[in-house]
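Student: If you scroll down you'll find the structure; I have some questions about it.
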Amino acid sequence: MAVPWLVLLLALPIFFLGVFVWAVFEHFLTTDIPATLQHPAKLRFLHCIFLYLVTLGNIFEKLGICSMPKFIRFLHDSVRIKKDPELVVTDLRFGTIPVRLFQPKAASSRPRRGIIFYHGGATVFGSLDCYHGLCNYLARETESVLLMIGYRKLPDHHSPALFQDCMNASIHFLKALETYGVDPSRVVVCGESVGGAAVAAITQALVGRSDLPRIRAQVLIYPVVQAFCLQLPSFQQNQNVPLLSRKFMVTSLCNYLAIDLSWRDAILNGTCVPPDVWRKYEKWLSPDNIPKKFKNRGYQPWSPGPFNEAAYLEAKHMLDVENSPLIADDEVIAQLPEAFLVSCENDILRDDSLLYKKRLEDQGVRVTWYHLYDGFHGSIIFFDKKALSFPCSLKIVNAVVSYIKGI
């Protein structure tokens, strides 16, 4: 009986080492590290760890042990959360939706500014615990009441779970601002990555809601604002740049929208979108809307392949405004609150920010744009990770803080 256990104990280290070696090889064979990125060795290390954990998660999923998303979330939620003596942090539930409330302890002579925060993570990663440090910092430095919303994620929940949970929790909070000591004229909606998509979609959905306080401003940190044009210059230039490759994004997009992975190539090639739809939205999606300086490297003009009706029937909900808020009607865009947009040069989603910026400005919406030439997708989450932090991480956080304090 002891022999099988001994063999297993000897085999496990070899297995884990083998997976790590494979992850390192995959990184160096498939990953691009642009020259503008600072601390490239640090980013390489983080990406190798990321690939290692995702690969382990996928193996565990195939063995029926645990799904990859749940495995990763278990790991990042195991990090100890530090208490801040300046804040009261309370975990609540708005119906079935978990939320975390950050409130300054210091007395205030007037109602405070409110922030509603939607975290990122491609609907795969991210949680209240994972983004605790960032939200804690934002609440403390801006002296605001901050509500972070924990929405349902993969693999158990698909579209429109994120939108529904963030929308319902936001409405609940907006109806109870007085309870939390929040000034209804100073509510900011903030989100990162797919959380930025939620910001865009929810601020649009709240347009015309006379029964709720009007959102004062929206903060979108490298958001994804459209789900069907994946050949923009930044998608081509940064398709293999960590921490969000085009391949991983398309896979996550298909999983969240419940699209069979066999249609990934059709989505990449644009064959799942009818020609008349391309013509309708070309004015908003055209690379001509992107400044020339962003198209100087690694971009080849592109046009969609022949229309595939079967792919369209499978993936047509990509065109819903909840999933692609960039294509909302002008009448809706014109009524949106002012925006603070963060984009990173080394990010496949850079051009989403640039295109949404133009859409807002064309409709008279005030936009403050903050672009980081040394930035990459997901960098903000490392701002408080000390040795694993990057200069761009703190730059983004401080820029967001400075903007919100001006509200």
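Here, residue 1 is simply the first one shown, and the rest follow in order.
Including glycine, each Cβ sits where the backbone N, Cα and C put it.
Sharing the feature lines straight out of Swiss-Prot:
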type: TOPO_DOM; residues: 1-4; note: topological domain 'Cytoplasmic'
type: TRANSMEM; residues: 5-25; note: transmembrane segment
type: TOPO_DOM; residues: 26-407; note: topological domain 'Lumenal'
type: CARBOHYD; residues: Asn168; note: N-linked glycosylation site
type: ACT_SITE; residues: Ser193; note: active site
type: CARBOHYD; residues: Asn269; note: N-linked glycosylation site
type: ACT_SITE; residues: Asp347; note: active site
type: ACT_SITE; residues: His377; note: active site
Student: Restricting the comparison to the active-site residues Ser193, Asp347, His377, which residue's C-alpha is spatially nearest the C-alpha of Asn269 (N-linked glycosylation site)?
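Tutor: Out of the listed candidates, the nearest Cα belongs to Asp347.
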Student: Reported as an integer number of Å, what is the Cα distance between Asn168 (N-linked glycosylation site) and His377 (active site)?
Tutor: 28
Student: How many Å separate the Cα atoms of His377 (active site) and Asp347 (active site)?
Tutor: 5
Student: I'd like to know which of the recorded positions Asn168, Ser193, Asn269 has the most other Cβ atoms within 10 Å of its Cβ.
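Tutor: Buried the deepest by this measure is Ser193.
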Student: Under 8 Å between C-beta atoms and at least six apart in sequence, can you list the same-chain neighbours of Asp347 (active site), or say none if there are none?
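Tutor: Looking at Cβ-Cβ distances below 8 Å from Asp347 (active site), excluding near sequence neighbours, one finds Tyr222, Ser234, Asn238, Val241, Leu244, Gly375, Phe376, His377.
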Student: Helix, strand or coil at His377 (active site), per DSSP?
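Tutor: In three-state terms, His377 (active site) counts as coil.
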Student: Kindly assign Ser193 (active site) to one of the three DSSP-derived states: helix, strand or coil.
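Tutor: Coil, per DSSP.
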Student: With H, G and I counted as helix, E and B as strand and the rest as coil, say where DSSP puts Asp347 (active site).
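Tutor: It is coil.
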Student: State the mean pLDDT for the topological domain 'Cytoplasmic' (1-4).
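Tutor: 66, rounded to a whole number.
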